[in-house]
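S.K.: Reproduced below are the annotations present in TrEMBL:
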type    : residues               : note
BINDING : Ser128, Glu199, His227 : Mg(2+) binding site
BINDING : Arg362, Asp376         : ATP binding site
Amino acid sequence: MKGARSFATSWPVAEKLCEASMEQPSPPGGPFSATSASFQDAVRTLNSLQTNASYLAEVKRRRGDLQTQLETMKLYLARSGLQVEDLDQLNIIHVTGTKGKGSTCAFTERILRNYGLKTGFFRSPGSSPHLVQVRERIRINGQPISPEHFTKHFWRLYHRLEETKDSSSCVSMPAYFRFLTLMAFHVFLQEKVDLAVVEVGIGGAYDCTNIIRKPVVCGVSSLGIDHTSLLGDTMEKIAWQKGGIFKHGVPAFTVPQPDGPLAVLRERAEQISCPLYLCPPLEALEEGEPPLTLGLEGEHQRANAALALQLARCWLQRKDHQGIGELKASRPSLLCQLPLAPVFQPTSHMRHGLRDTEWPGRTQTLRRGPLTWYLDGAHTSSSVQACVRWFRQALHRRPKSGPEVPEVRVLLFNSTGDRDPAPLLKLLRPCQFDYAVFCPNLTEVSSTDNAVSPLRTDSAWERP
């Protein structure tokens, strides 16, 4: 659009925006053409296991039998050649929450990688769509596993599950969520990672990642209202689900929460003797020190960074690593329902880790010629409000050079699942968009694309 300068978008539209500029398929006859075809076959087969939407519908239908689903996941793990005890080798950091858990995981992984540790990072399909390709969900040392690596592990696991299926069972393959979770565990074990950061998909108590029995440390990011048909329609009910990842004797950390949900988290922790701590604000760690620089923009990322620092430090401490940050004197909180986590001086590894964290599609700015794209995956009321604050601040901070150019602001918007988009759109009014493009949830596999075809062209243009 002539004269257009700034855009904004939301999931999963971001994956289409970045695809052309970030990753192109190899040309026909190129050195990886055979492998690329095999990778495409793996993705098609994975997609056939179930879409995220149909998986959620299945879970809703079977809500009364949630504990059985965890037992089923353990059976799938055994059929794949692993036992739950094998996962103890991964030295897992298990993170749940409604908002910010992906960013918290990204900060945590980057900090620990700065200590020279080999890291695994699993981004659960239940959290948000992947940006460009599904292999982004399984990362080694911050990088998505290669198409060749993905293909090898996918077919090895797929064939193993086929060989071990029970003739009396009508379901031989786990659904999409579960399959990728199993695959991540296999990849991390075979890669011999020093630790794995594992993000919960939906909830916690009955999430397929919760077959983890002995994580090193657990974290709960900010809570909010989401997936109410699965988790409950109040913050307290949702907090009960999130607290389901707590384990006996395993330290857990959370950020400030409303009193009701925080009380539920405390009760869940007390029931199983899980030491639960409240993270002090980032300002307490910065006091008397240079301010911390975050690689992810937005004021709301400070709470995620504070949680990540505690998770990383606790992991290092429990694994007897040196250089975990000198403790600082702290003032006791009179209003706190939980013991306060340590206030310490972040090390240079921690500082550089926070600074160097990258998480595409999260408060991300991309400049392409005369266009500027502002990408974020906000999908709850509170996260959209945070996104609006970030967007307006980013516009205010952008460099100005040369004569003023007429600016057109276009919203590119998509909402998935049974989420009502109307309340979210109302929150976007302060951004003063000139146009809005509403993108339908229509994608299809094609032979020329590694994951999905470009968005259909029947999107609607609307002027607010």
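All positions are counted from 1 along the displayed chain.
Placed from the backbone N, Cα and C atoms, the Cβ positions cover glycine too.
Because the structure is a prediction, the values reported are computed rather than measured.
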S.K.: Given the binding-site residues Glu199, Asp376, which one has the fewest other C-beta atoms within 10 angstroms of its C-beta?
M.R.: Asp376
S.K.: Do me a favour and check the Cα-Cα span between Arg362 (ATP binding site) and Glu199 (Mg(2+) binding site); whole Å is fine.
M.R.: 16
S.K.: Mind giving me a neighbour count for Arg362 (ATP binding site)? Other Cβ atoms within 10 Å of its Cβ, every protein chain shown.
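M.R.: So the Cβ neighbour count for Arg362 (ATP binding site) comes to 25.
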S.K.: Quick check for the class: what is the C-alpha distance, in angstrom and rounded, between Glu199 (Mg(2+) binding site) and Asp376 (ATP binding site)?
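M.R.: Computed Cα spacing between Glu199 (Mg(2+) binding site) and Asp376 (ATP binding site) is 18 Å.
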